[in-house]
Structures are given as C-alpha cells and as structure tokens.
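What follows is a short report on a single structure.
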Amino acid sequence: MSGNSIGQNFVVTTFGESHGVALGCIIDGCPPGLELTEADMQHDLDRRRPGTSRYTTARREPDEVRILSGVFEGKTTGTSIGLLIENTDQRSQDYSNIKDLFRPGHADYTYQQKYGMRDYRGGGRSSARETAMRVAAGAVAKKYLKQVHCIEIYGFMSQLGPICAETIDLDQIEQNAFFFPDASKLEALDEYMRELKKSGDSIGAKISVIATGVPVGLGEPVFDRLDADIAHALMGINAVKGVEIGDGFGVVTQKGSEGRDLMSPQGFESNHAGGVLGGISSGQPIIAHIALKPTSSISVPGQSMTAQGEMAEVVTKGRHDPCVGIRAVPIAEAMLAIVLMDHLLRHRAQNQDVRSLTPVLGMR
C-alpha cells in the first residue's frame, strides 16, 4: 500500500490498523528547537478519543501517545519525530460475523478487490482509528504555527443531520460533546441522537474549520495551490464526501458583483473566497467546510453479498459512532495545520527574502 504520507517539507507518514498492536507516525521536516512533550499532543487526542460521551462509540482507548525519537531534553532536534499509540481495547470477535461478508458503504469490497485480502477487524487500515496519528502530528504543527507565527486553528460542528448552527459562539465549542457553537440547539441535538441510537441508524454532519493569522503568500500555483492541498487533506479524512473553501458551492448562485471580495487600503470588505485567491493565501482567515457521510456500520439489516458472490444480509455488530462527525473536529483541525505547516516551510525556503512594496491588507 502506498499513499501513507502527506506533505513535501513537513511530511507526515502514518501506519497501523484498527485492531493491530499499535498506531504510529513519523514526522519529517519539523524545525529544531520547538519545545515538545506528550502533553502538547494529548489534549487534542483526548478531544478525538473514543468512549468519552454517550454519543460516540463505546470503545475505550486511552490514546496515550509516546514520543520515540526526534526530541531531546524537551526540544525537537530536527530529525524524524516518531510517535506511537498502543491499541488496548480491541474486540475483534465482534467482527467474526463479517469475515466473509462485505459491509455496504464500507471499504471491504474495494480493499478485497485491490489487495486480494483484507483485515476485517474493525476495517483494518481503512478505519478512522488511524486518524489518531494525524491528530498527534497535527498538534505538533499547531504548536509551531501558533508559537512561531501566531497562527491559530479551530473547528466546530456546524450541522448534524437537519440541525444547523444559527449562531457561532466560539466559547461554546469546547463546552459540549458535539463541539457545537450554538447553545440553543444542544437540547435538540441530544434528543435527535437519543432517537437515532434507539433506531440503530446513523447520521451525517458538516464540520467547519478556520485558521486565523495566516500570512499572505502561502501556496504554490499551479498544481500545489493552497486550497487544492487543503481540499486534498480534508478529503482524505474517513467518511468525508465533500469539501468547501469559503462559500464553496454557494458561489453557484452568486453574481460576480456579490461574490468578489472588494478591497481598499483599509482592507478586504468580505471573505467569500475563504482566504485563498489564485491558490495563494490572502492574509484573511482560511475557512473550509467538510461533509461527512453517515457511517454504514449500523444495526439496521442491509442487503449485501459474501466474498464468494452469494447474496447475504448484513447487520453490523461492534461499537460504532452513530455520527462520525462528532469526533471529526480535531481531525479537520489537524489536517489543516499539517497543510499550513508544510506550505509555510515551502514558502520560507523560496520566498523568505521577497519584499513587496504593496501594503498587506486585513479585514475592515
């Protein structure tokens, strides 16, 4: 299997399976001298960790990360950073009934056809369990971005099923299990999830992620545009079926006079473009949204077939998230951080000495 790495200067490579011994990652390209301990990563890992609320999977993994290399006396050395998280709460027997069955909507069929075999225990490498290492690597990037360049990244759930956030209160995001910014909708979310779990079904969600303090100039046109790499990274998250930058698909109904971000010496008047113009960061906040499909691991019976091509009915056992979007916020933050970190280092390598006479614009 290829495709386990992302980035050019800041490179993150992950390994491991859902029910394997451990998950791990290697980070190449992190600058030396960054103060780094396990605690710097643990906060975001705890935000993603399973079993923390009644709305997520009952699988309980401590997700305690260990630094294996690349850090000496509390600081990064500039060499490869090795990270490891052990799996401790696997129940592989829960998946014995699908050993020879393909779960509709999952990667079972495509993995079998591509590799001639598959790890049926929790989906193996295709499981979102792998994203724990992305979150750990993203936490390293987030610390460097904030500490050295004052770039901050935050995400929130903007929609769960039919329930949309109508107000954005950033102080609310970490105060509830949904990472939802609208406190007036929490009761409705709780009731909706209760009924959903009773029915044995699942639901999709929309996650928004924003980066502030991003300098103008990040992005490498033509094929390594900043928004293209952000979309690539976010689309690589399990269950993501759509990505928007700025107004995204909303631009279809906009007129040019409405969607352009007017500017003056005092700054931009709007940010319909989501902080990227011509594939290069404009200095405005980077704004992206992702749509996550409902998980197909549900207890509602569904038609499928066996590995031998015979018709069969599938009921997925095991412990699963009724809405995978609930734990996707720190994952989306991590992927955006990894892309920005990579592009920041690439920009520094080529354009560090560039001095433009044009004033840098902010938001009015």
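Just so you know, glycine gets a Cβ as well, placed from its N, Cα and C.
Copied over from Swiss-Prot, here are the features:
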BINDING   Arg48, Arg54  NADP(+) binding site
BINDING   Arg125, Ser126, Ser127, Asn238, Ala239, Gly278, Lys293, Pro294, Thr295, Ser296, Ser297, Arg319  FMN binding site
REGION    41-60  region 'Disordered'
Could you find out if DSSP has Lys293 (FMN binding site) as helix, strand or coil? coil
Counting every protein chain shown, other Cβ atoms within 10 Å of the Cβ of Arg54 (NADP(+) binding site) number 12
Lowest 10 Å Cβ neighbour count of the binding-site residues Ser127, Thr295, Ser297 is held by Ser127
To the nearest whole angstrom, state the Cα distance for the pair Ser127 (FMN binding site) and Arg54 (NADP(+) binding site). 20
I need the most crowded of these binding-site residues: Arg48, Arg125, Lys293. Count other C-beta atoms within 10 angstroms of each C-beta and give me the top one. Arg48
Cβ-Cβ neighbours of Ala239 (FMN binding site) (radius 10 Å): 19
Helix, strand or coil at Ala239 (FMN binding site) [DSSP, three-state]: coil
Please state whether DSSP places Arg54 (NADP(+) binding site) in a helix, a strand or coil. coil
Specify the secondary structure state of Arg125 (FMN binding site) as given by DSSP, simplified to three classes. helix
Just to verify a number: CA distance, Arg54 (NADP(+) binding site) to Arg125 (FMN binding site), in angstrom, no decimals. 25
Give me the Cα-Cα distance between Arg125 (FMN binding site) and Arg48 (NADP(+) binding site), rounded to a whole Å. 18
